[in-house]
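One structure is given here, and the rest of the page talks about it.
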Amino acid sequence: MRGPGVGSGLSGERGLSGKEAGADTEVAELLPFLVPGARADLQAAAAQHVLALTGVGSGRTLLAGQTALLRALIDLAVAPIPAPSRDASRALVNLAADPDLHWQMLAADPELPVRLLRCVLDPQWPWAEELAAVLANLSREPAPCAVLTEKLVAAEPERLGLERLVSALCMPSYNASAPLHYLGPLLSNLSQQAEVRAFLLDPDRCVVQRLLPLTQYTDSSVRRGGVVGTLRNCCFEHRHHKWLLGPQVDILPFLLLPLAGPEEFSEEEMEELPVDLQYLSPDKQREPDADIRKMLIEAIMLLTATAPGRKQVRDQGAYLILRELYAWESEPDVRMACEKLIQVLIGDEPEVGMENLLEVQVPEDVERQLQELDQQEQQELAQERRDKGAPRT
């Protein structure tokens, strides 16, 4: 395969080897053109070729385990213009989208997370969005996510860690050349780690309060979904529920508002709702992304894990919003999640000693039965989705 627009090949004497060539030959031909000091036009063509390879599974397999080439690609991605850092960055996005390559990328450069984050958090870096996507992809799997978290926590004293990441996420104008929407899913993935949740839920930092307005961020479902996923993960920490639901944070209206539609309520019902959910305009739209709607419901469900949480969610009229959502919802799995939450809100309280649903010890035989029921439910939902998409006869 020849580099795009290079005529007879990168070296001027021989062309790039084809996909069918062995990995050793491929790396031998590509690597000299990717390293610093290579001629600019040949370096650009080599980066384009690697980008093309990363677009298909066979190409990613070809590159897998080639430590020197991966390291050169990483160096190129963080190199200043005029280096072809954009193509190198996009190649890293594709590589990081393959979970099987995460460890190879981290092995090629153990400092990869910090190096990429340094560019992502540079307000002048033109390809910061691509590198944010690399970090978001890398952090999807638990083990690489833990490694990434360790690096970010270690970088915190230099303000290259979580605090600066949150600041950039909460400031859409942070980088005029890059929207940084992928900081949303990056933070969501990182918040699977206990250390990150502890940072986010630190009352002295006011991080959660800064994230809440982004549940209504209309310019990007990627950013919005990442923030909602982060908030949902924070809701697993039931010891913070009182603070989250209390006046210092007041999280519930921010979770309910995207689920609310234009439906009218009686005056009596209206008084049950938080002020922000009263008298909504007739053109009020619900969250358009089904996955985000489900995460919002899941976050509220987690807040009902304790008896005080259930009471506060009930007292703020959540049932009214969910009742109308259930009547409107067409996605089977979201509708099922909504139904389960409604059942918690209208059902009887658990018996003494079982008030905290996150701490209840479930016997193994009951757990197996629940897993079987869950599998059956998932099969029914899958069938419902298939039936929904089937052409009419």
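Numbers run from 1 along the shown chain.
Backbone N, Cα and C define each Cβ position, glycine as well.
The shown structure was predicted, so the numbers you read here are calculated from the model rather than taken from an experiment.
Look at Swiss-Prot and you will find 1-12 tagged as compositional bias 'Gly residues'. Sequence annotations record features per position, and here Swiss-Prot assigns compositional bias 'Basic and acidic residues' to 382-393. According to Swiss-Prot, the phosphoserine annotation covers S221. Under the heading region 'Disordered', Swiss-Prot lists 1-21, 374-393.
Spatially close to S221 (phosphoserine) yet at least six residues away along the chain are P288, D289, I292, judged by Cβ distances under 8 angstroms. Annotation note: S221 (phosphoserine) sits in a helical segment as assigned by DSSP.
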